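J.: Checked TrEMBL, it gives:
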type	residues	note
COMPBIAS	699-711	compositional bias 'Basic and acidic residues'
DOMAIN	1-36	domain 'Guanylate cyclase'
DOMAIN	463-640	domain 'Guanylate cyclase'
REGION	699-733	region 'Disordered'
TRANSMEM	184-201	transmembrane segment
TRANSMEM	213-232	transmembrane segment
TRANSMEM	272-292	transmembrane segment
TRANSMEM	312-334	transmembrane segment
TRANSMEM	341-364	transmembrane segment
TRANSMEM	376-396	transmembrane segment
TRANSMEM	426-446	transmembrane segment
């Protein structure tokens, strides 16, 4: 391994719009790169600034290589280089030797888990959030403590007496939540209404009034209609089942009843109106019973019975029956679900006060001469005590139920908020991963690569491109300009990525690396998820055999189509390279009208393209990056580094394929390539308008809907260089 290390100042950040990656730039980065390229295998090539931070006695240090002395970049910056041997110095301490041995013989299976070490803080936060969730635990004492802590937190968020959220928005959401128990409230209301009507008729006897009969008819009719509406949907689902086929048998009336029931359950105002009407109807029935009694006549009859000693007195109504009915109405008022607790308190308090006024003032004589619960206790006080005890008891009971409901509602809101946050986080992660990895690799990475499993793809032919901005000094002021250039390149890439599977691989300094042909549908081999292969191996054997039969039947056609499409990747990659040159030319035209330092940007760019068999995949346990390896990658890099400004240099194999598509390639000559020697190279023929110079014969691409774009801020299409079956004129925008 050849390693170069240099210490200095850098600029770090993210540039471009596609395949986001955190990178560093600067002169010191370039120096470190040249230290690596001029280094020697088996040594660490360091600069003097790095060596000054080390203990020389702990290492074996020898002078740098001859290539470093001749390197123009290192010579320009007066960099003195040294080689550090991987063997420890004999003068080093025992502690240093043990450190080197531990690093050299690291136990791979015993390596630390990155997700447990780096994400320790995140895991602690997750545990803290889990402890606050309303779930049971084996340690009941701690679970009750956590529950009490949650209740204490909620107690500060609501008022003491009325249990109203101090946050008005939260209270509004709570009140406007659907009432799924409405049908049960209506069933109870209808039962009490029938009981009150019966008590009224029995109490009035033969002296029943017409107004009482009409009131009973109206109240019972209204309650019956609401009861049918609230229970009709439940009855239909119990009778016919809740599925799509049975829903079609319901008519317009049934659908109207369904919608009405759902509207009442969802509308707070309608529920309040129904609640107030029922309470008013109940109290009207009680009022008619008490109004049917002439208390003055009752007083005279009672006095006569005492004077003439007869006990057969026709009392107007039984006071204890009325008192029990009022207590029942108070209970019904508190029990009605999904009604604001404040409104329930107000209604029940008014009923209690009104009935106490009737007991002690309006009909005091009747209640005073009724039976009592204690011989030494006045009857009116017994009636009063029953009503007050009923009110207080039901208030406390309903307050407990309301508090429990608000605790649950508060937990549900927290859960929904956390679910939304989790969904937003997952969505952001998917977006970021799609901006870092190819789309077909994202799902694989989330399911398999998170377990440190190897993922790779093998392609028969892929076209690789390196495009480098020449004479571009990477400084802080020029980095913004570099970002604008790369951003325009990425915008152009979006068109090619969606239609022609051109993938941006990475940015290295001022070099833009891309590849065409990385289509997973045409991959020769793809690594499989080991766990899925073991789990589903038996169940998929039959499907695999069937797929093999189909594959053999269509193998010839597939091979022909695949070969044609594989050859087209060279044509697409070269076209994309030409569009990059045109985009840079357009940027220069725009910058000519802007006042800036002309030395910041150079319009010069060299491009190298090579094609062949490559491997693609993701390696490593952290900082995932989709990369490609193979001889074409090295050759494309050499074509770029040995190329000329303003030209696209290609290998002989690539030039032959381009010639089949009618693109002329000029022979440059024998070019020395590091690691290979002298090889024939070609320049793609381009005229002054950045158009391909075509030859006489050409092959039409299969995908005839391609367009060449120049990526500017408005993504304006310049012209169409792709050839169609007919020789149409090229449109210039």
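Each residue's number is its place along the chain shown, starting with 1.
Each Cβ is built from the backbone N, Cα and C atoms, and glycine gets one as well.
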J.: Name the range, of those listed as 213-232, 272-292, 341-364, 376-396, 426-446, that has the largest tally of Cβ pairs under 8 Å with the transmembrane segment (184-201).
T.: 213-232
J.: Per DSSP, what is the residue tally for the domain 'Guanylate cyclase' (1-36) in helix, strand and coil?
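T.: Once the DSSP states are binned, the domain 'Guanylate cyclase' (1-36) shows 10 helix, 9 strand, 17 coil.
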J.: Under an 8 Å Cβ to Cβ limit, what residues of the same chain, 6 or more beyond the ends of the transmembrane segment (376-396), are close to it?
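T.: Sequence-distant neighbours of the transmembrane segment (376-396): 319-320, 323-324, 326-327, 330-331, 334-335, 345, 348-349, 352, 355-356, 359-360, 364, 367-370.
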J.: If we skip the immediate neighbours and take only residues 6+ beyond the ends of the transmembrane segment (213-232), which ones have a Cβ under 8 Å from one of its Cβ atoms?
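T.: Same-chain contacts beyond the flanks: 182-183, 186-187, 189-190, 193-194, 197, 200-201, 254, 257-258, 260-261, 264, 274, 277-278, 281, 284-285, 288.
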J.: By a Cβ-Cβ criterion of under 8 Å, what residues six or more beyond either terminus of the transmembrane segment (426-446) are in contact with it?
T.: 18-21, 455, 503, 518, 520, 529, 618, 624-626
J.: So what's the mean pLDDT when you look at the domain 'Guanylate cyclase' (463-640)?
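T.: The answer is 76, the mean pLDDT of the model over that range.
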